[in-house]
Amino acid sequence: MMQVLCGGDRLPTVWAVASLLIMLCFAACGTPSEPVHSRDAPLNLSLPAGFPAPPIPANNPLTVKKVELGRRLFFEKKLSSNGKVSCSSCHLPERAFSDTLPTSVGVSGRAGLRNAPSLTNVAYNGSYFWSGGALSLEAQAISAIENKEEMNGQFPEIIAWLTADASYRQLFEEAFQSPPTFLNILDAIAAFERTLISGNSRYDRFQRGDSSALNDSEKRGMQLFFSERTNCFRCHGGFNFTTNEFHDNGSQAVYRDVGRYSMTFRPSDKGKFKTPTLRNVALTAPYFHDGSMPTLADVVEHYNRGGAGSPNQSPLVRPLGLSAQEKQDLVNFLNALTDEDFIRAHQRP
């Protein structure tokens, strides 16, 4: 969720340390020889054709009741200090679990530093936050809840009211055979997020043999996207339209946000950010790490111009010389990556 949540990465170095400590805690606790939630029925993901099985931690298997609990917690505003902000406040289901604002607003009423990216297929991400500051969904879930600018939740208070709520007590007992705890709150939210699998866009149907799924403009855009001329696929390749790597896409002539550098302290990483998936991208405006691109047409024009010439700009970002029709074809193809079934399946409760 959460770099997700409300602009994420406000204090990336702090949250990297927090994530590391949580990961070490998980390691110290060890992985039980059998799943600790074995009384709950396993949940088997229905994966689209061509999708590999996502990595699922052995100590946090997907189960029916755990995912049900995680979904309820994802929409629970009482996790925030003012009772007005939930995970879903910045990750709107109708927008493919992204935000509509350039940078999201939390309990403080102030805008964050970074855009809240889509949670589409987040189970396949190898790292989280725009700067890659967390290595698992469990590790990153804490940041938005506790961040004073985002949700400002206090876990002792959260655990107390969850324990006092009969319906939540029952859900935790069914999912974990225990009352609410810090770790099983994180496990439940992460489990729900791993079920957000999307792979039935018109592009996917075309790939499965339905030649009528794309119109002529979209087919031309697809050819451009996967061509050496544009090299879009170099960063947005594979089944999930992302390599999960970090790149400087030339969006900052001067680095207002150092991106990946805040994690690695390598000068060559200044201005690099995690490459997001393009699945459902038509629903996730505005674009880039800071939400500085209002529309897909603006994004295509940015790359067509060759970026802003930032110091570490990727050599893949260079002037393309696209015609007006070619730019429109690319936009039309990107629109064809929307999975309407995914959006319908995840409507708000």
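Every residue, even glycine, has its Cβ placed from backbone N, Cα and C.
Residue density at Cys87 (heme c 1 binding site): 30 other Cβ atoms are found within 10 A of its Cβ, drawing on all protein chains shown. Per TrEMBL, the feature heme c 1 binding site maps to Cys87, Cys90, His91.
Around the Cβ of Cys232 (heme c 2 binding site), the same chain contributes Leu224, Phe225, Phe226, Tyr303, Leu330, each under 8 angstroms and 6 or more positions distant in sequence. The annotation heme c 2 binding site is assigned in TrEMBL to Cys232, Cys235, His236.
Among the features that TrEMBL reports, domain 'Cytochrome c' is placed at 65-166 (among others). Across the domain 'Cytochrome c' (65-166), DSSP classifies residues as 44 helix, 6 strand, 52 coil.
The average pLDDT computed over the domain 'Cytochrome c' (216-338) stands at 98. According to TrEMBL, the feature domain 'Cytochrome c' maps to 216-338 (among others).
Spatially close to Cys235 (heme c 2 binding site) yet at least six residues away along the chain are Thr242, Thr243, Glu245, His247, Asn249, Thr275, Ser314, Leu316, judged by Cβ distances under 8 angstroms. In this structure the C-alpha atoms belonging to His91 (heme c 1 binding site) and His236 (heme c 2 binding site) are separated by 22 Å.
Cβ-based crowding with a 10 Å cutoff singles out His91 as the top-ranked of the binding-site residues His91, His236.
Other C-beta atoms found within 10 angstroms of the C-beta of Cys90 (heme c 1 binding site) number 31, with every protein chain shown included. Each residue contributes its Cα atom, and for His236 (heme c 2 binding site) and Cys90 (heme c 1 binding site) these two points are 24 Å apart.
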